[in-house]
């Protein structure tokens, strides 16, 4: 049997592409060459949006029947920061002391490399065809505005008649060690700006003004003090976090006309975006009474809450993890948002990849042994899925 590329070699090829969003820098070419060589039909699709950069995306599929397992992810990376601070070049793909260094090693070129390596090995051992379909849905627009990537690629695929049964997103889901966590959902995210209007005036004549600063402080305290909920079966309690307070006033002898406070809410499945906004607005109105003039400017958000209920698919992935690592993974919904929120509208989706401890950091790195383990886990998923 012909040997197939290792996850390490694929990851190194990807890391050597400096694909800081929106640049692709050849990363999708690496995947296209490998997948075409294994018999996949590969599509490259570019999406545009006014005011944003054009983004190249890749969709590849082999097989045309169900069940259909999709591997999803992104080849774009965040900027490396101070290049001189890296022990090894951010885009060199160096291995030292058993560790693979590079921007994207963990988030998430390493995970993509493992999925590709596992798939190529599975196909080579099974006559070149799955008993169903395998696809790769890869974007170059996840780390920035995320408007010309996965969300549009899914719409494009649906318009072509593509139907997914299950999906694994190779985001770095593990906290401490390979196999400790499967992400089965994510909280929603909604940001806003609390605005309190006052009346500008001289600090020596406060009776002629209305200071919004004490009022916004009271409102911040009120909105922070009462929990939005107490959590649910799969999620921790929703959390409202104020992140800045601004009055735009450089003077010390002028009462400002307005005060603004930015905030973000990470919310669970007790809420939708609309019911959440209504709840916060209701509490704000009660706190303002008839005296304080305040309102909220809600910022656009496409980060809805989602959860894949534990069941046959999570059990299958968990069994593959246990076989390789001996661990029973925790089913978790913590952390920030990811493109899985878009995929959840089309099929059941979980996130399982490498350990996330060094993602976005200087000297981002992963043990080569973790690449081998993750490849073996994905290989076990494929074997079980198409049994």
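Here the Cβ of each residue, glycine as well, is placed from N, Cα and C on the backbone.
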Check Swiss-Prot: it lists 143, 360 as binding Zn(2+) 2. Then name which of 107, 121, 180 it lists for that same site. 107
Name the residue, out of 162, 171, 176, that Swiss-Prot lists for the same Zn(2+) 1 site as 74, 107, please. 171
Looking only at DSSP and grouping its letters into three states, which state does residue 143 (Zn(2+) 2 binding site) belong to? coil
Most crowded position, judged by CB atoms within 10 A, among 74, 360 as binding-site residues: 74
Nearest to residue 142 (active site, proton acceptor) by Cα distance: which of the recorded positions 76, 107, 171, 360 is it? 76
The rounded CA-CA distance in Å from residue 360 (Zn(2+) 2 binding site) to residue 171 (Zn(2+) 1 binding site) is 13
